[in-house]
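Student: Dumping the structure here so I can ask a few things about it.
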Amino acid sequence: MAQLDTLDLVVLVVLLVGSAAYFTKGTYWAVPKDPYAASGPAMNGGAKAGKSRDIIEKMEETGKNCVIFYGSQTGTAEDYASRLAKEGSQRFGLKTMVADLEDYDYENLDKFPEDKVAFFVMATYGEGEPTDNAVEFYQFISGEDVAFESGASADDKPLSSLKYVTFGLGNNTYEHYQAMVRNLDAALTKLGAQRIGDAGEGDDGAGTMEEDFLAWKEPMWTALSEAMNLQEREAVYEPVFSVTEDESLSPEDEAVYLGEPTKGHRDGTPSGPYSAHNPFIAPIVESRELFNVKDRNCLHMEISIAGSNLSYQTGDHIAIWPTNAGAEVDRFLQVFGLENKRHSVINIKGIDVTAKVPIPTPTTYDAAVRYYMEIAAPVSRQFVATLAAFAPDEETKAEIVRLGSDKDYFHEKISNQCFTIAQALQSVTSKPFSAVPFSLLIEGLNKLQPRYYSISSSSMVQKDKISITAVVESTRLPGAAHLVKGVTTNYLLALKQKQNGDPSPDPHGLTYTITGPRNKYDGIHVPVHVRHSNFKLPSDPSRPIIMVGPGTGVAPFRGFIQERAALAAKGENVGPTVLFFGCRRRDEDFMYADEFKTYQEQLGDKLQIITAFSRETSQKVYVQHRLREHSDLVSSLLKQKANFYVCGDAANMAREVNLVLGQIIAQQRGLPAERAEEMVKHMRSSGSYQEDVWS
């Protein structure tokens, strides 16, 4: 028998742990809820404090026969849930309600009435994990010993009365693609629930999420109509919200929200705990450009969280709450005929008691569009189609109908240009769509979402200050006449310009209300919160680490190296620390080059930085090529139980690195490719292979 080396032993241990996981169903290491994501009260509707957490009771009280649950991290799944609720109501007469999974308890789901239906719109987050708001529900429903009020066991098929529909949101560049919806579907089926139609799956990695959703929902509605004896009717717009102008109020009134995220912020008394529902208005204490070449800028910012009671750990994420650019706000208001009413005060209320108003109210049209609505996102075909009834003339209506019904035509005219809703309508006609109800715009557009960035500092070195590293997005798509500009990165660049003395910052021609609502962000402040990540250094600093981070993928690894240098300075035994970093040219976009030299001096031969410059030679060289060239080093460190980390592009780089690592293991150990692939998978499941990637 061949002698087992360290990596083989690690794999053997993982197999044993995996077996235990199978038989305990994760009881001892269930996915923890984000400790930084303290739940905040909903603005309207939902299961507020003091309200029932019994979904069946809630449906009976409000006369609903269809509940659409969502597990959402960035708002997309919530948006799809709202769209399904609206369509079910308008086309089929269903009495629908949208429900946040964390607002309810599920011990009585075995009493779900046979004449009702539940939808589950589930995003998969990170490495096959539930979104923050779905953690408790998922742990309950997928548990081996799931217990319902009736006391029935899984063998008794306790959910036999539950009819359900599922749609999953995922990204095929991640290993655990659609894990949530697939695992949920399996759990519900095991418990006897009856799925109606196919389990839908939308793929963000392939860029087909919207079309996947549209293709799935039509046969789903057919199946649901048959199962519940529904009759389709002509869909007529029925507002979910009432929007009324209030002439008794002006923007100067203290009761009016002008962009503040919460009542406390509006009243000038913000207080913690700060979370995804309640950001901290943090001062930016330093900002600079790491490089500025041609069409690209890269920012480094230091954000103070002193006095906020916010904390972070090295490897966590910071969320930046952006503001829409003034030019896009003006365009939107002009397209919908609201330019002259931008400062009119409006009240927004849910017509249905279960409707959750996504915007603080009262507010103004300008504030709603500038601070609360995702107006700069690519528009969906379905949303464009809903505007046909409100077109300014018949010719425009015919074009809108064609765009909404012809997938290829929409792709050619709208998707290829990455048009926002306002740009799409401007491409059809110069006439304003003044007849579109503002309620329809609130319903059809997502709430403006925070953007997450890998923290590029060590909490050990600077616990009250968070570093971020971000490339400013400004991209010209092939065939497009305009630049696609990142909402948040250009906002950050404007803040940097202002902080560094520019009296009128206008990155890529964009301007922002930098001082924020009622000048509350004056002095260069930005709303933030912190999100926990499992992307962490090993607890034993002597353990080797291999990091692969091209471009801004280097961000968390700056924090890792910063921390190891600090530990070494304290006399700790620090293990081999290897970074594979890639960029275009060493004299163009090699960020933190001087800083890394300092860390090299501090860590000596414990730190090795291996670079890949893709544009310096005729043959492009990427980090995966350097990884293969240093296969002996990689293999040696893996035998020493090294942790392996990847940060950056999921679609190409991360996939290639995963493939190359398997090839290195196979080559160095004389193993079949299939066995090496299994070893990489076991590294992932054990936590010794970690990714922080995006597409």
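A Cβ is built for glycine as well, from the same backbone N, Cα and C atoms used for every other residue.
According to Swiss-Prot, the record shows the following:
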type     : residues                                                               : note
TOPO_DOM : 1-8                                                                    : topological domain 'Lumenal'
TRANSMEM : 9-31                                                                   : transmembrane segment
TOPO_DOM : 32-695                                                                 : topological domain 'Cytoplasmic'
DOMAIN   : 66-221                                                                 : domain 'Flavodoxin-like'
BINDING  : 72-77, 123-126, 169-178, D204                                          : FMN binding site
DOMAIN   : 277-538                                                                : domain 'FAD-binding FR-type'
BINDING  : R296, T552, S614, R615, K620, V621, Y622, V623, Q624, E656             : NADP(+) binding site
BINDING  : R451, Y452, Y453, S454, T469, A470, V471, G486, V487, T488, T489, W694 : FAD binding site
Student: What count of other C-beta atoms do you get within 10 angstroms of the C-beta of T489 (FAD binding site), across all chains shown?
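Tutor: Result for T489 (FAD binding site): 23 neighbouring Cβ atoms inside 10 Å.
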Student: How many Å separate the Cα atoms of K620 (NADP(+) binding site) and V471 (FAD binding site)?
Tutor: 21
Student: Name the residues of the same chain, 6+ apart in sequence, whose Cβ is under 8 Å from the Cβ of Y177 (FMN binding site)?
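Tutor: Counting only residues 6 or more apart in sequence, the Cβ neighbours of Y177 (FMN binding site) under 8 Å are T124, G170, N171, D203, G205.
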Student: Let me know the DSSP-derived helix, strand or coil state of Y453 (FAD binding site), please.
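Tutor: DSSP assigns Y453 (FAD binding site) to strand.
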Student: Which one is it: of the binding-site residues N171, T469, S614, which Cβ has the fewest other Cβ atoms within 10 Å in this structure?
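Tutor: Comparing Cβ neighbour counts within 10 Å for the binding-site residues N171, T469, S614 gives S614.
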Student: State which of the following binding-site residues has the fewest other Cβ atoms within 10 Å around its Cβ: Y174, Y453, Y622.
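Tutor: Least crowded of the binding-site residues Y174, Y453, Y622, by Cβ count within 10 Å, is Y622.
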Student: What does the structure give for the C-alpha distance between G75 (FMN binding site) and Q624 (NADP(+) binding site)? Integer Å is fine.
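Tutor: Here the two Cα atoms lie 33 Å apart.
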Student: Out of S72, G126, R296, S614, Y622, Q624, give those binding-site residues positioned within 10 angstroms of V471 (FAD binding site), comparing C-alpha atoms, in sequence order.
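Tutor: Hits: R296.
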Student: What count of other C-beta atoms do you get within 10 angstroms of the C-beta of K620 (NADP(+) binding site), across all chains shown?
Tutor: 12
Student: Can you tell me the three-state DSSP label for S72 (FMN binding site)?
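Tutor: SS state of S72 (FMN binding site) = coil.
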